[in-house]
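Working notes, beginning with the structure itself.
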Amino acid sequence: MSAPLASLSHYKRIVIKIGSALLVDRGAGLKHAWLDAVCDDIAALRAKGVEVLVVSSGAIALGRTVLNLPGGALKLEESQAAAAVGQIALARHWSESLSRSSIVAGQILLTLGDTEERRRYLNARATISQLLKLGAVPIINENDTVATTEIRYGDNDRLAARVATMTGADLLILLSDIDGLYTAPPHLDPEAKLLPVIAEITPEIEAMAGGAASELSRGGMRTKIDAGKIATSAGCAMIITSGKLLNPLRGIDEGAAHSWFAPSAMPVTARKTWIAGQLQPAGILSVDAGAETALRAGKSLLPAGVREVSGHFHRGDTISVVGLEGREIARGLAGYDADEARRIAGHKSAEIEALLGYAGRSAMIHRDDLVMTEQTGRKAGKSTKKKDEAHA
């Protein structure tokens, strides 16, 4: 396992995710002093040669304040209207605050398809790369004016992880309302301990993550752990820390409490990073023990090892592979449509032509199109006792 670097200035490219509750106060609106302090931190990092990208929540929260919408859950059309108003205000505030340090901000609004569809993914990556090359700071958010319940990231933690892997960042920082991952909710358990270093996201670590989220923010510790799995598998370290300090990034360097998640020692290729990071696999293949062993040995997934096929997918779609314990172990690109996959599941590759009427591929998922998503072989450290949840 690699160790945390001594200073943020030792990283080359950092993605910073900022939640709505940190940026927006329900009664007073945008927290100007806090935003200015964060922008000062960003300017200090850039002065040391660090490239910085920001994934900023807050459009809906800011828009509902401007529009004086009532508290509680919003209808979809209300959220979209709030986002339309809030996005303009949010971008303006970021631009004005960064301009104090002569830094140009560039707004990018993404939808789920921009990271899930390969061509759009590459185009979005090229745009962000060009902004960085020109010296601008990309301010990224989900395009909530067009996103629907069915086609959305659902939270900016996972969006930030996708941006980090897309852009080849070596550190993702999630600013939260808590200073890291605890073994239990610290407000409920006086014995709860902060985990300063997480070597690997194991089932025990996942069990510590809760799903609580505030009214202003859709995310919780559960989504932060999901983000960590996406980022670390691509070789990107992750930090969860409190954003309540006026200068939270400077605070990390000055010793503020945080949890550091180690990047994988064997990050997957850029193409496999995209496959592994897909947020909505189109289907599921349940496999037997023999197939699971073969996949861990780097082999392709053959039809004989598939016990069950779920979902509706087409050849080339990303699908999830689930082992006997019901946990996802891999993801890959389907070699067959779902209906064909069901017909050949459990059969030998030599029988495919007789079953389908044509000689198709021998593998359900070829090893070149498959990436393991369940890490094995490393310990998570001493403080990995299973708890019900962690305060988010």
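Here the Cβ of each residue, glycine as well, is placed from N, Cα and C on the backbone.
The record from Swiss-Prot ties Ser176, Asp177 to ATP, and of the options Lys12, Lys17, Lys31 it ties Lys17 to that site too. Residue density at Asn156 (substrate binding site): 26 other Cβ atoms are found within 10 A of its Cβ, drawing on all protein chains shown. Just so you know, the Cβ of Ser176 (ATP binding site) picks up 29 other Cβ atoms within 10 Å once every protein chain is counted. When the Cα atoms are compared, Asp177 (ATP binding site) and Ser57 (substrate binding site) turn out to be 14 Å apart. Rounded to a whole value, the Cα-Cα separation of Asp144 (substrate binding site) and Lys17 (ATP binding site) is 16 Å. Neighbour counts were taken as the number of other C-beta atoms within 10 angstroms of each residue's C-beta; across the binding-site residues Asp144, Asp177, the minimum falls on Asp177. As a whole-number mean, the pLDDT of the domain 'PUA' (282-359) in this prediction is 93. Comment: ATP site residues Lys17, Ser176, Asp177; largest CA to CA distance 12 Å, whole number.
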